[in-house]
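Asker: According to Swiss-Prot, the protein carries these features:
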type	residues	note
BINDING	His84, His183	heme b b562 binding site
BINDING	His98, His197	heme b b566 binding site
BINDING	His202	ubiquinone binding site
TRANSMEM	34-54	transmembrane segment
TRANSMEM	78-99	transmembrane segment
TRANSMEM	114-134	transmembrane segment
TRANSMEM	179-199	transmembrane segment
TRANSMEM	227-247	transmembrane segment
TRANSMEM	289-309	transmembrane segment
TRANSMEM	321-341	transmembrane segment
TRANSMEM	348-368	transmembrane segment
Amino acid sequence: MAIFIRKTHPLLKIMNHALVDLPAPSNISLWWNFGSLLGLCLIIQILTGLFLAMHYTADVSMAFSSVVHICRDVNYGWLIRNIHANGASLFFICVYLHIARGLYYGSYLYKETWNIGVILLFLLMATAFVGYVLPWGQMSFWGATVITNLLSAFPYIGNMLVQWIWGGFSVDNATLTRFFAFHFLLPFLILALTIIHLLFLHETGSNNPLGINSDADKISFHPYFSYKDLLGFFVMIFFLTTLALFMPNLLGDAENFIPANPLVTPPHIKPEWYFLFAYAILRSIPNKLGGVLALLFSIFILMLVPLLHTSKQRSNIFRPLTQIFFWLLVANSIILTWIGGQPVEQPFITVGQIASVSYFSLFLIIMPFASWCENKILSLN
C-alpha cells in the first residue's frame with residue numbers, strides 16, 4: 001500500500017500527476033529544461049529575499065546603511081545579498097531563453113499557457129524594477145524617478161498617476177515603503193500564476209522539437225526528465241555561485257555604491273541590463289507617450305504571436321526562411337540591449353531607431369510573411 005500512496009493520497013496524487021507519472025514526449029531537448037530552472041530561480045529568490053527582508057529597513061535614512069549592515073555584520077549576509085542580486089540576472093537569462101525556445105518551436109500555440117507566461121514576464125519585470133530601488137543608491141533613486149515619471153505621458157491622468165505612485169511630490173520615503181511592500185508581495189503572486197501556468201500546460205501536454213503530436217511516444221517524467229532537470233539545477237547553481245563569489249558586481253552599476261542624492265544626477269541613467277532592450281526602444285521614439293506605448297508593446301507583442309502564426313508547420317525546425325529571421329530577431333534584441341546601455345548620441349540614436357523598427361517589423365510583418373512564403377513553396381511540391 002505504501003508504494004501506491006502517491007497515487008491514492010489526495011495531495012500526493014496531484015504532485016504525482018505533475019512530477020512523477022506525467023507523460024512527457026521522449027524527444028524534448030535541453031531547451032525544455034528552462035521551465036524547471038525558472039522554478040528553482042523563483043525558490044532561490046524567495047528564500048534569499050526572505051532572509052534579506054529580516055535585516056532590511058525600508059526608510060530613506062536607513063535603507064542604504066541597512067544593506068551595508070547586511071553585507072558587513074550579518075552572518076553570510078554578503079553571500080545572501082550577492083545570490084539574490086545575481087539570481088535576478090540568472091532568472092532573466094532563463095526567462096529570455098525559455099521565451100526564445102517557445103518562439104522557435106511554436107510552443108506559443110498553447111495560447112492559455114503562453115498568455116499566462118507573458119503576464120508572468122510582466123510581473124517579473126515589475127518585481128525586479130521595484131527591487132532595484134530598495135538599496136537606495138544613486139541609480140536606484142534616479143531609475144525610480146525616471147521610469148515612474150514616464151506615466152506622466154498619459155493624457156489628463158498622467159501627473160496624478162505619478163504622484164499617486166510616489167505618495168507625494170517626489171520619490172521619497174512613501175515611495176520606498178510601498179516599493180518594498182510590492183517587492184515582498186509580487187513573488188508570491190508570481191508563484192500562484194506559475195501554478196496556473198503549469199496547470200494549463202498539463203492540460204495539453206508538452207510540445208516537442210518536431211512540433212508534432214507525440215501521444216504515441218510518451219515516457220514518464222520520473223526518472224528520465226527529473227534527473228535531466230537535476231543536471232540543469234547543478235549547472236545553474238554552479239554558474240550562480242561562480243558569479244556571486246567571484247564577480248558579484250559584474251552586472252551591477254557602480255553608481256549604486258553611492259547613497260541616493262536628489263541634488264546630483266548621474267551622468268547616464270540606465271536600468272539593469274535585462275531591461276535595456278525595452279529601454280532602447282523607449283528612447284528611440286522622440287515622443288514621450290509614443291515611447292511609453294512602444295515600451296509596453298515591446299513586451300505585450302508576445303501576446304500577438306499566436307495570432308500571427310501563418311505557417312502550416314508548428315516548429316521552425318523544418319522552416320529555413322523563418323529560422324533566418326528568428327536568429328535576426330535574437331541578434332536584433334542583443335543590439336537593442338547594447339544600445340540601451342550607451343549614451344544618447346550619434347551613432348547610437350540612429351542604430352537604436354533602426355533596431356527598434358526591425359524588432360517590431362520582424363514580429364508583425366517579416367516572420368508571418370516568411371511563413372506564408374514557405375506555405376506556398378510547400379504547396380508547389
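Using the three backbone atoms N, Cα and C, a Cβ is placed for every residue, glycine included.
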Asker: If we count other C-beta atoms within 10 Å, could you say which of the binding-site residues His84, His98, His183, His197, His202 has the fewest?
Answerer: His202
Asker: Can you say which of 78-99, 179-199, 289-309 has the most Cβ pairs under 8 Å with the transmembrane segment (34-54)?
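Answerer: Top-ranked stretch among 78-99, 179-199, 289-309: 78-99.
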Asker: Which sequence-distant residues neighbour the transmembrane segment (78-99)? Criterion: at least 6 residues beyond either end, Cβ under 8 Å.
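Answerer: Non-local partners: 31, 34-35, 37-38, 41-42, 44-45, 48-49, 51-52, 67, 70-72, 117, 121, 124, 128, 131, 236, 239-241, 243-245, 248, 251-252, 272-274, 302.
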Asker: Same-chain Cβ contacts of the transmembrane segment (227-247) under 8 Å, 6 or more residues past its ends?
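Answerer: 30, 33-34, 36-37, 40-41, 44, 79, 82-83, 86-87, 89-90, 94.
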Asker: Given a Cβ distance threshold of under 8 angstroms, which distant residues of the chain, six or more beyond its ends, lie next to the transmembrane segment (114-134)?
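Answerer: Contacts of the transmembrane segment (114-134) (Cβ under 8 Å, skipping residues fewer than 6 from its ends): 56, 58, 63, 67, 88, 91-92, 95, 98-99, 102, 107-108, 140-141, 143-144, 147, 175-176, 179-180, 182-183, 186-187, 189-190, 193-194, 196-197, 200, 271-272, 274-275, 299-300, 302-303, 305-306.
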Asker: I need the CA-to-CA distance for His183 (heme b b562 binding site) versus His197 (heme b b566 binding site), whole Å please.
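Answerer: That comes out at 21 Å between the alpha carbons.
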Asker: Considering Cα atoms only, can you say which of His98, His197, His202 is the nearest neighbour of His84 (heme b b562 binding site) among these binding-site residues?
Answerer: His98
Asker: For the residue listed as 'ubiquinone binding site' and His98 (heme b b566 binding site), what Cα-Cα distance in Å is obtained after rounding to a whole number?
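Answerer: His98 (heme b b566 binding site) has its Cα 17 Å from the Cα of the residue listed as 'ubiquinone binding site'.
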